[in-house]
Amino acid sequence: MHYCNNGNISNWKVFRRLWPIINPFKIGLIIASITLIINAVSDSLMLALLKPLLDEGFGKANRSIFMWMPLVLMGLMIMRGMSGFASTYCISWVSGKVVMHIRRLLFNHIMNMPVSFFIEQSTATLMSRITYDADQVASSSSGALITIIREGASVVGLCIMMFYYSWQLSLVLILIMPIISIIIKLVSNKFKDIGKKIQNSMSQLVNSVEQMLKGHKEVLIFGGQHLEQNRFNYLSNRMRQYTMKMVQTSSVFEPLIQFVASLALACVLYIASIPSVIEMLSAGTITVIFSSMIALMKPLKSLTNVSAQFQRGMVACQTLFTILDLKTEKNIGKFSVKRVKGHIIFDNVTFFYPETNTPSLCNINFNIESGKTIALVGRSGSGKSTIVNLLTRFYDVYQGRILLDGLNLNDYTLTSLREQVSVVTQNVYLFNDTIANNIAYARTRFYSRASIEEAAKMAYAMGFISKMKNGFDTIVGENGILLSNGQRQRIAIARALLRNCPILILDEATSSLDTESECIIYKSINILKKNRTSLIIAHRLSTIENADEILVVERGSIVERGIHVDLLNHKGVYSQLYKFQFS
């Protein structure tokens, strides 16, 4: 499920797809566009004041010009200031709304992606997409929009004014426009290519930081500081190089456009120096035209830069749409149930992980009666956790079927199915929230504090919770870093008790605990297992001796099954594992 950018998609197609996101806020865009045009027109009108000032005010000593000119100038400045404020506010409002909407779309889409997607994609890359890329879409596009409208209106306004006063001199502009258009077209492709490289470099840079932070203890214990530093230095330098390529291209581009514009300016000066032409023009007209051509330099420069800015936004937008095009979890089931009995059947189930040719499970068959306990044992990588992943529909079976209360697992809605299952794993994830909110995660509105406390008591968690200063309101830190492994496990068991699901899955729930903690945890687990269909994965075979049936999994197949005593007497794989563990 790898995703990539399709460089053949045109900017127009990308923008056309972005438009439905922008469309609800088009009122802000319309106001911003109008005020940007007003802002540009006010600049042009201020230049136009030079003609009456020079021809009438100084040339003919008309004092009335000096009386009304300051008032007009002040009015134009007020108009310019107010339109500038309105345009900036509206554009910021629209871009803020757009980036918020894109982030929400992306967040919700990623949250509903299948587990396989997260195995293939790094956390840092996805975080970069939601934060950096989403911001690039809004900031680059809004910045480009401001430039295109305001500077474009300035160019149009100045050109109209120049043609109005002397169309003969202004014809030179028509000659240079095709040249400028060709240059912009050629450089735009270069900007797009560099923009993609910058985006990918940023993602890799964030990934490097994430690995160092998550593996900080390993970095320290193995002395990997030099390795991580070199990796980060290389990636940050590559990011700098791509950024400099963008600057270099832009720096060459700008003078080239300005040189073409200066040629036009030189042509105007030359034409204006011809006696037959100069007789037709006043000092004010020459000044306005010449000043307008100089004033054109700034908007032309900005318009040449807008290509790089716009390309960054479109590249980021294309990447985000590529993710949004990926299919979320398949949820075609229609059946919803409040509470199942918990009768599970694996019927000739075969499963391949994506992009592998060897089956992880092959012809798996077993039956768990409602309220019974089945244990899965076997060496690491034998396929035990895969069975759990199929039961929770993190993956779908390749061949065969899984039945729950006689109904195919695929016929249940994902929400309804997962409401029937409580899972306690070896690596418990706790959110950076209170103990109470972690126990009642995603159900805080449905459970009272009394029921949360009761679940904690049954999970033997009250002992350490009551000793904490804030009790159930204690913040546990990121991934419960302020708690020990045993404490985190008891929180997870309390969470499972509170959910009170008919099916319980214990995946190596005690493998990382010391003996004392394990004894406490198993008191909780024995309470948790009552009247529930339980599926237990365990390396410590002493913990599953009382299971109703033990399945020995080897290379994706069930090679032995039975109760503890019978399997020991059978002198097979289970017996070997047991003897090896207790030798």
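Every residue, even glycine, has its Cβ placed from backbone N, Cα and C.
Features as listed in Swiss-Prot:
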BINDING   GLY378, ARG379, SER380, GLY381, SER382, GLY383, LYS384, SER385  ATP binding site
DOMAIN    30-312  domain 'ABC transmembrane type-1'
DOMAIN    344-580  domain 'ABC transporter'
TRANSMEM  18-38  transmembrane segment
TRANSMEM  65-85  transmembrane segment
TRANSMEM  105-127  transmembrane segment
TRANSMEM  143-163  transmembrane segment
TRANSMEM  167-187  transmembrane segment
TRANSMEM  252-272  transmembrane segment
TRANSMEM  277-297  transmembrane segment
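Annotated features taken from Swiss-Prot, shown on the structure.
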residue	record	Cβ within 10 Å
GLY378	ATP binding site	23
ARG379	ATP binding site	14
SER380	ATP binding site	8
GLY381	ATP binding site	12
SER382	ATP binding site	22
GLY383	ATP binding site	23
LYS384	ATP binding site	25
SER385	ATP binding site	20
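Note: the ATP site is recorded as GLY378, ARG379, SER380, GLY381, SER382, GLY383, LYS384, SER385; in the same chain, VAL553 also have Cβ atoms within 8 Å of that site's Cβ centroid.
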